[in-house]
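Shown next, in C-alpha coordinates, is the structure this report addresses.
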Amino acid sequence: MFASTLHGSLIALVACLALSSTHIAAAHTEDEDLGTVLSSQKNLSTFYGLIKIIAPSNAAFENIPGTSLNGIWDPKNASIAVPILEYHLLKGIVNTEDLAPGPSIFAATLLTSPAWTNVSAGQNVVLARQPGDVVVFTSAQGSRTTRTRGDIAFAGGLIQVIDNLLIPPTPLSETLQAFGLNAFLGALHASDLLSALQGDEDLTIFAPRDEAFRRVGASLDALGADELRDLVRYHVVRGRVAASATLTNGTRLAAAGGGDVSVRRAGNNLFVNSAQVVQPDILIANGVVHVLDNVLSPRAAAAVPDPDSVSQAPVWSAGGDGQGTPFTSAIPCSEDCPATTTAAGSDGTERSTARLTTTDGVSGPTASPDAAGREFEAGTGLWAAAGFAVVAMLGL
(Lines of atoms letter the chains of each structure in order from A and count residues from 1; the text may use other names and numbers.)
(Lines give C-alpha, C1' and ligand atoms only; values in the text may rest on other atoms or scores of the structure.)
Protein backbone atom coordinates (compact mmCIF):
# COMPACT_ATOMS: atom_id res chain seq x y z
CA MET A 1 0.00 0.00 0.00
CA PHE A 2 2.89 2.36 0.77
CA ALA A 3 4.37 1.85 -2.69
CA SER A 4 1.00 2.53 -4.31
CA THR A 5 0.57 5.72 -2.34
CA LEU A 6 4.12 6.72 -3.19
CA HIS A 7 3.63 6.32 -6.94
CA GLY A 8 0.26 8.02 -6.94
CA SER A 9 1.32 10.99 -4.84
CA LEU A 10 4.63 12.11 -6.28
CA ILE A 11 4.03 15.78 -5.91
CA ALA A 12 2.56 15.42 -2.43
CA LEU A 13 5.65 13.46 -1.49
CA VAL A 14 8.01 16.25 -2.39
CA ALA A 15 6.19 18.65 -0.11
CA CYS A 16 6.30 16.21 2.71
CA LEU A 17 10.00 15.51 2.87
CA ALA A 18 10.36 17.06 6.29
CA LEU A 19 13.61 15.30 7.08
CA SER A 20 14.71 16.21 10.59
CA SER A 21 18.30 17.30 10.80
CA THR A 22 19.98 14.88 13.18
CA HIS A 23 18.22 11.63 12.37
CA ILE A 24 19.33 10.93 8.81
CA ALA A 25 20.94 7.54 8.69
CA ALA A 26 24.49 6.90 7.60
CA ALA A 27 25.06 6.36 3.89
CA HIS A 28 23.58 3.14 2.56
CA THR A 29 25.87 0.60 0.97
CA GLU A 30 23.55 0.39 -2.02
CA ASP A 31 20.70 2.46 -3.37
CA GLU A 32 17.32 1.63 -1.89
CA ASP A 33 13.89 2.79 -2.88
CA LEU A 34 12.80 6.04 -1.31
CA GLY A 35 10.24 4.40 0.94
CA THR A 36 12.90 2.14 2.47
CA VAL A 37 15.30 5.02 3.07
CA LEU A 38 12.66 7.15 4.74
CA SER A 39 11.15 4.32 6.75
CA SER A 40 14.57 3.74 8.34
CA GLN A 41 14.45 7.19 9.90
CA LYS A 42 12.99 7.64 13.36
CA ASN A 43 11.80 11.19 13.21
CA LEU A 44 9.57 11.17 10.15
CA SER A 45 6.09 11.14 11.62
CA THR A 46 5.27 14.41 9.89
CA PHE A 47 6.28 12.98 6.54
CA TYR A 48 4.28 9.79 6.97
CA GLY A 49 1.26 11.73 8.16
CA LEU A 50 1.30 13.81 5.01
CA ILE A 51 2.17 11.27 2.38
CA LYS A 52 -0.91 9.28 3.19
CA ILE A 53 -3.14 12.12 2.06
CA ILE A 54 -3.44 13.73 -1.35
CA ALA A 55 -2.98 17.35 -0.29
CA PRO A 56 -0.43 18.42 2.32
CA SER A 57 -1.90 19.64 5.58
CA ASN A 58 -1.44 23.09 7.03
CA ALA A 59 0.44 21.60 9.99
CA ALA A 60 3.27 20.43 7.75
CA PHE A 61 4.01 23.99 6.70
CA GLU A 62 3.09 26.05 9.75
CA ASN A 63 6.75 26.90 10.25
CA ILE A 64 7.36 28.26 6.73
CA PRO A 65 9.86 31.12 7.10
CA GLY A 66 8.81 34.70 6.60
CA THR A 67 8.90 34.79 2.82
CA SER A 68 6.45 35.91 0.18
CA LEU A 69 5.04 32.37 0.11
CA ASN A 70 3.29 33.10 3.39
CA GLY A 71 0.82 35.34 1.62
CA ILE A 72 -0.40 32.72 -0.85
CA TRP A 73 0.29 29.25 0.57
CA ASP A 74 -2.86 27.16 0.65
CA PRO A 75 -2.25 23.40 0.90
CA LYS A 76 -5.88 22.69 -0.06
CA ASN A 77 -5.62 24.62 -3.30
CA ALA A 78 -3.90 22.43 -5.88
CA SER A 79 -3.20 25.35 -8.19
CA ILE A 80 -0.95 26.78 -5.49
CA ALA A 81 0.37 23.71 -3.69
CA VAL A 82 1.24 21.56 -6.70
CA PRO A 83 3.45 24.09 -8.54
CA ILE A 84 5.36 24.98 -5.38
CA LEU A 85 5.99 21.32 -4.70
CA GLU A 86 6.98 20.66 -8.30
CA TYR A 87 9.60 23.35 -7.89
CA HIS A 88 11.30 21.12 -5.32
CA LEU A 89 11.77 18.26 -7.79
CA LEU A 90 14.74 18.53 -10.10
CA LYS A 91 15.01 16.90 -13.49
CA GLY A 92 17.94 14.52 -13.68
CA ILE A 93 20.21 13.48 -10.85
CA VAL A 94 21.99 16.42 -9.26
CA ASN A 95 24.93 15.27 -7.14
CA THR A 96 26.01 18.26 -5.11
CA GLU A 97 29.32 16.64 -4.21
CA ASP A 98 30.23 16.81 -7.89
CA LEU A 99 29.58 20.56 -8.08
CA ALA A 100 32.79 22.45 -8.73
CA PRO A 101 33.37 25.59 -6.65
CA GLY A 102 32.79 28.78 -8.57
CA PRO A 103 30.19 29.64 -11.19
CA SER A 104 26.55 28.88 -10.58
CA ILE A 105 24.66 26.33 -12.65
CA PHE A 106 20.98 26.10 -13.51
CA ALA A 107 19.02 22.96 -12.65
CA ALA A 108 15.62 22.52 -14.31
CA THR A 109 12.66 21.46 -12.18
CA LEU A 110 9.29 19.88 -12.90
CA LEU A 111 7.56 23.26 -12.53
CA THR A 112 6.02 23.98 -15.93
CA SER A 113 2.57 25.30 -14.96
CA PRO A 114 1.84 28.30 -17.23
CA ALA A 115 0.30 30.12 -14.29
CA TRP A 116 3.74 30.13 -12.64
CA THR A 117 6.39 29.91 -15.31
CA ASN A 118 7.08 30.19 -19.00
CA VAL A 119 10.38 28.32 -19.19
CA SER A 120 9.94 25.50 -21.67
CA ALA A 121 12.42 23.09 -20.08
CA GLY A 122 10.99 23.62 -16.59
CA GLN A 123 11.67 26.51 -14.21
CA ASN A 124 15.23 26.65 -12.91
CA VAL A 125 16.92 26.67 -9.55
CA VAL A 126 20.41 28.18 -9.30
CA LEU A 127 23.01 25.98 -7.61
CA ALA A 128 26.47 27.01 -6.47
CA ARG A 129 29.22 25.56 -4.29
CA GLN A 130 30.79 28.27 -2.17
CA PRO A 131 33.91 28.31 0.03
CA GLY A 132 33.69 26.12 3.09
CA ASP A 133 31.84 23.37 1.22
CA VAL A 134 28.60 25.36 1.34
CA VAL A 135 26.08 24.48 -1.37
CA VAL A 136 23.48 27.18 -1.99
CA PHE A 137 20.20 26.98 -3.91
CA THR A 138 18.90 30.34 -5.12
CA SER A 139 15.32 30.89 -6.25
CA ALA A 140 12.92 33.85 -6.54
CA GLN A 141 14.27 37.36 -6.03
CA GLY A 142 17.62 36.11 -4.78
CA SER A 143 16.15 34.00 -1.98
CA ARG A 144 18.93 31.69 -0.78
CA THR A 145 18.62 28.22 0.70
CA THR A 146 21.52 26.18 2.05
CA ARG A 147 22.05 22.46 1.75
CA THR A 148 22.28 20.87 5.18
CA ARG A 149 22.58 17.26 4.05
CA GLY A 150 23.18 16.14 0.52
CA ASP A 151 23.10 13.24 -1.89
CA ILE A 152 20.97 10.80 0.11
CA ALA A 153 20.52 7.99 -2.38
CA PHE A 154 17.38 6.09 -3.27
CA ALA A 155 16.65 3.96 -6.31
CA GLY A 156 15.23 6.87 -8.31
CA GLY A 157 17.83 9.51 -7.54
CA LEU A 158 19.09 11.68 -4.70
CA ILE A 159 17.57 13.74 -1.89
CA GLN A 160 19.07 17.12 -1.07
CA VAL A 161 18.04 18.41 2.35
CA ILE A 162 17.83 22.21 2.55
CA ASP A 163 17.02 24.66 5.31
CA ASN A 164 14.37 26.79 3.63
CA LEU A 165 11.71 26.69 0.97
CA LEU A 166 12.54 27.25 -2.65
CA ILE A 167 10.31 30.03 -3.99
CA PRO A 168 9.17 29.95 -7.62
CA PRO A 169 10.56 32.95 -9.51
CA THR A 170 8.27 35.93 -9.88
CA PRO A 171 7.32 37.85 -13.05
CA LEU A 172 9.78 40.27 -14.61
CA SER A 173 8.14 43.43 -13.26
CA GLU A 174 8.16 42.26 -9.64
CA THR A 175 11.70 40.99 -9.88
CA LEU A 176 13.01 44.24 -11.35
CA GLN A 177 11.27 46.19 -8.63
CA ALA A 178 12.64 43.91 -5.92
CA PHE A 179 16.19 44.43 -7.16
CA GLY A 180 15.79 48.19 -7.51
CA LEU A 181 16.04 48.12 -11.32
CA ASN A 182 13.43 50.83 -11.62
CA ALA A 183 14.76 52.67 -14.65
CA PHE A 184 14.70 49.55 -16.80
CA LEU A 185 11.24 48.70 -15.46
CA GLY A 186 10.12 52.21 -16.31
CA ALA A 187 11.56 51.87 -19.81
CA LEU A 188 9.53 48.69 -20.28
CA HIS A 189 6.38 50.56 -19.30
CA ALA A 190 7.23 53.63 -21.37
CA SER A 191 7.86 51.50 -24.45
CA ASP A 192 4.69 49.44 -23.91
CA LEU A 193 6.78 46.26 -24.06
CA LEU A 194 6.35 44.93 -20.53
CA SER A 195 3.18 42.93 -21.13
CA ALA A 196 4.55 41.31 -24.28
CA LEU A 197 7.86 40.40 -22.66
CA GLN A 198 6.22 38.95 -19.57
CA GLY A 199 4.17 36.70 -21.84
CA ASP A 200 7.19 35.51 -23.81
CA GLU A 201 8.84 32.13 -23.32
CA ASP A 202 12.51 31.61 -22.47
CA LEU A 203 14.04 35.07 -22.16
CA THR A 204 17.50 36.30 -21.27
CA ILE A 205 17.38 39.97 -20.28
CA PHE A 206 20.31 42.31 -19.71
CA ALA A 207 19.00 45.00 -17.37
CA PRO A 208 21.18 48.06 -16.69
CA ARG A 209 21.15 49.26 -13.12
CA ASP A 210 19.62 52.62 -12.26
CA GLU A 211 22.98 54.36 -11.96
CA ALA A 212 23.74 53.46 -15.57
CA PHE A 213 20.53 55.16 -16.72
CA ARG A 214 21.21 58.24 -14.60
CA ARG A 215 24.67 58.70 -16.14
CA VAL A 216 23.19 59.09 -19.63
CA GLY A 217 19.75 60.35 -18.72
CA ALA A 218 19.71 63.33 -21.07
CA SER A 219 20.48 61.15 -24.08
CA LEU A 220 17.82 58.61 -23.17
CA ASP A 221 15.17 61.22 -22.43
CA ALA A 222 15.61 62.51 -25.98
CA LEU A 223 14.68 59.19 -27.56
CA GLY A 224 11.49 58.92 -29.58
CA ALA A 225 8.99 56.11 -29.03
CA ASP A 226 10.42 53.85 -31.74
CA GLU A 227 13.98 54.47 -30.60
CA LEU A 228 13.06 53.58 -27.04
CA ARG A 229 11.46 50.33 -28.15
CA ASP A 230 14.57 49.49 -30.16
CA LEU A 231 16.71 50.24 -27.11
CA VAL A 232 14.69 47.98 -24.84
CA ARG A 233 14.58 45.13 -27.36
CA TYR A 234 18.34 45.30 -27.72
CA HIS A 235 18.60 44.24 -24.07
CA VAL A 236 16.43 41.15 -24.65
CA VAL A 237 17.33 37.74 -26.10
CA ARG A 238 14.41 35.47 -26.97
CA GLY A 239 14.34 31.69 -27.04
CA ARG A 240 17.16 31.09 -24.60
CA VAL A 241 17.52 31.08 -20.81
CA ALA A 242 21.26 31.69 -20.61
CA ALA A 243 22.95 31.10 -17.27
CA SER A 244 26.06 33.23 -16.89
CA ALA A 245 28.21 30.10 -16.82
CA THR A 246 27.06 29.25 -20.36
CA LEU A 247 28.01 32.66 -21.75
CA THR A 248 31.44 31.81 -23.07
CA ASN A 249 33.91 34.23 -24.60
CA GLY A 250 32.94 35.09 -28.15
CA THR A 251 29.29 34.07 -27.82
CA ARG A 252 26.96 36.16 -29.98
CA LEU A 253 23.30 36.41 -29.04
CA ALA A 254 20.52 37.69 -31.30
CA ALA A 255 18.79 40.68 -29.75
CA ALA A 256 15.00 40.76 -29.94
CA GLY A 257 15.00 43.99 -31.92
CA GLY A 258 17.64 42.91 -34.41
CA GLY A 259 21.42 42.82 -34.34
CA ASP A 260 23.61 40.87 -31.95
CA VAL A 261 25.15 41.37 -28.54
CA SER A 262 28.61 39.94 -27.98
CA VAL A 263 29.84 38.16 -24.87
CA ARG A 264 33.41 38.65 -23.71
CA ARG A 265 35.25 37.30 -20.71
CA ALA A 266 38.38 38.60 -19.01
CA GLY A 267 39.36 36.55 -16.00
CA ASN A 268 36.31 36.34 -13.77
CA ASN A 269 34.66 39.35 -15.39
CA LEU A 270 31.79 38.95 -17.85
CA PHE A 271 30.90 41.61 -20.41
CA VAL A 272 28.07 42.12 -22.89
CA ASN A 273 29.43 44.37 -25.61
CA SER A 274 31.33 46.81 -23.41
CA ALA A 275 29.00 46.66 -20.38
CA GLN A 276 30.02 44.52 -17.42
CA VAL A 277 27.66 42.04 -15.80
CA VAL A 278 27.62 43.13 -12.16
CA GLN A 279 24.97 40.72 -10.92
CA PRO A 280 24.23 37.55 -12.89
CA ASP A 281 21.60 34.84 -12.81
CA ILE A 282 18.51 36.49 -11.36
CA LEU A 283 15.66 34.11 -12.09
CA ILE A 284 12.33 35.39 -13.39
CA ALA A 285 9.14 33.52 -14.23
CA ASN A 286 10.07 33.27 -17.90
CA GLY A 287 13.85 33.27 -17.89
CA VAL A 288 16.79 35.09 -16.36
CA VAL A 289 18.05 38.64 -15.82
CA HIS A 290 21.70 39.72 -15.75
CA VAL A 291 22.38 43.21 -14.36
CA LEU A 292 24.72 45.50 -16.35
CA ASP A 293 26.77 48.51 -15.30
CA ASN A 294 25.95 50.41 -18.51
CA VAL A 295 23.11 50.85 -20.96
CA LEU A 296 23.64 49.04 -24.27
CA SER A 297 23.03 50.67 -27.63
CA PRO A 298 22.16 48.94 -30.90
CA ARG A 299 24.24 51.65 -32.58
CA ALA A 300 27.33 50.65 -30.58
CA ALA A 301 27.27 46.89 -31.06
CA ALA A 302 30.99 46.88 -31.82
CA ALA A 303 31.93 48.45 -28.47
CA VAL A 304 34.48 46.42 -26.52
CA PRO A 305 35.36 46.58 -22.83
CA ASP A 306 38.59 47.69 -21.24
CA PRO A 307 39.24 44.81 -18.83
CA ASP A 308 41.88 46.83 -16.97
CA SER A 309 39.46 49.61 -16.14
CA VAL A 310 37.58 49.61 -12.85
CA SER A 311 34.46 50.86 -14.63
CA GLN A 312 33.44 50.91 -18.26
CA ALA A 313 32.69 54.09 -20.19
CA PRO A 314 29.07 54.45 -21.34
CA VAL A 315 28.35 54.11 -25.05
CA TRP A 316 25.71 56.83 -24.81
CA SER A 317 26.69 60.47 -24.47
CA ALA A 318 26.92 61.29 -20.83
CA GLY A 319 24.40 63.87 -19.86
CA GLY A 320 22.35 63.93 -16.73
CA ASP A 321 22.57 65.26 -13.23
CA GLY A 322 23.01 61.77 -11.82
CA GLN A 323 20.04 62.40 -9.57
CA GLY A 324 16.80 61.87 -11.45
CA THR A 325 16.22 58.33 -12.67
CA PRO A 326 14.93 58.17 -16.26
CA PHE A 327 11.60 56.51 -17.08
CA THR A 328 10.52 55.86 -13.49
CA SER A 329 7.55 58.19 -13.88
CA ALA A 330 6.12 55.64 -16.33
CA ILE A 331 5.81 52.99 -13.61
CA PRO A 332 2.16 52.71 -12.56
CA CYS A 333 1.43 52.35 -8.91
CA SER A 334 -1.60 51.79 -6.72
CA GLU A 335 -2.23 52.16 -3.04
CA ASP A 336 -1.02 48.62 -2.38
CA CYS A 337 2.23 48.97 -4.35
CA PRO A 338 5.03 47.18 -2.52
CA ALA A 339 7.90 49.36 -1.42
CA THR A 340 10.94 49.30 -3.66
CA THR A 341 13.75 47.39 -2.02
CA THR A 342 17.17 46.09 -2.90
CA ALA A 343 17.26 42.33 -3.27
CA ALA A 344 20.04 39.84 -2.71
CA GLY A 345 23.41 41.24 -3.70
CA SER A 346 26.81 39.67 -4.00
CA ASP A 347 26.91 39.11 -0.25
CA GLY A 348 23.88 36.83 -0.59
CA THR A 349 21.81 38.68 1.98
CA GLU A 350 18.12 38.26 1.36
CA ARG A 351 16.38 41.64 1.20
CA SER A 352 13.44 41.02 -1.06
CA THR A 353 10.03 42.24 0.05
CA ALA A 354 8.03 42.26 -3.16
CA ARG A 355 4.74 40.45 -3.11
CA LEU A 356 4.73 37.05 -4.77
CA THR A 357 2.34 36.70 -7.68
CA THR A 358 2.00 34.30 -10.55
CA THR A 359 2.69 35.05 -14.21
CA ASP A 360 -0.86 36.26 -14.73
CA GLY A 361 -0.39 38.90 -12.04
CA VAL A 362 -2.68 37.26 -9.49
CA SER A 363 -1.57 36.87 -5.89
CA GLY A 364 -1.70 33.13 -6.08
CA PRO A 365 -3.87 31.41 -8.66
CA THR A 366 -7.36 30.37 -7.67
CA ALA A 367 -8.66 26.91 -8.39
CA SER A 368 -11.16 24.65 -6.75
CA PRO A 369 -9.68 22.61 -3.88
CA ASP A 370 -11.63 19.70 -5.36
CA ALA A 371 -9.09 19.64 -8.16
CA ALA A 372 -6.34 18.63 -5.75
CA GLY A 373 -6.80 14.91 -6.21
CA ARG A 374 -6.77 15.16 -9.98
CA GLU A 375 -3.69 17.38 -9.92
CA PHE A 376 -1.73 15.09 -7.65
CA GLU A 377 -2.78 11.96 -9.50
CA ALA A 378 -1.27 13.42 -12.65
CA GLY A 379 2.11 12.60 -11.15
CA THR A 380 1.46 8.86 -11.31
CA GLY A 381 4.17 7.02 -13.17
CA LEU A 382 6.80 9.78 -12.98
CA TRP A 383 8.45 8.07 -10.04
CA ALA A 384 9.60 5.19 -12.20
CA ALA A 385 10.84 7.44 -14.99
CA ALA A 386 14.36 8.77 -15.50
CA GLY A 387 16.39 9.60 -12.40
CA PHE A 388 15.70 12.84 -10.63
CA ALA A 389 16.65 14.68 -7.48
CA VAL A 390 14.40 15.65 -4.61
CA VAL A 391 15.07 18.89 -2.79
CA ALA A 392 13.63 18.48 0.68
CA MET A 393 12.91 21.19 3.18
CA LEU A 394 14.53 20.73 6.58
CA GLY A 395 13.00 21.38 9.93
CA LEU A 396 9.36 22.02 9.04
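Just so you know, the numbers here start at 1 and follow the chain as drawn.
Placement of Cβ uses the backbone N, Cα and C atoms for every residue, glycine included.
Note that TrEMBL annotation is computational and uncurated.
Per TrEMBL, the features are as follows:
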| type | residues | note |
| --- | --- | --- |
| DOMAIN | 1-166 | domain 'FAS1' |
| DOMAIN | 168-296 | domain 'FAS1' |
| REGION | 302-321 | region 'Disordered' |
| REGION | 339-372 | region 'Disordered' |
| SIGNAL | 1-27 | signal peptide |
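In the region 'Disordered' (302-321), the DSSP tally of helix, strand and coil residues is 0 helix, 0 strand, 20 coil. Per-class residue totals from DSSP over the domain 'FAS1' (168-296), listed helix then strand then coil: 46 helix, 39 strand, 44 coil.
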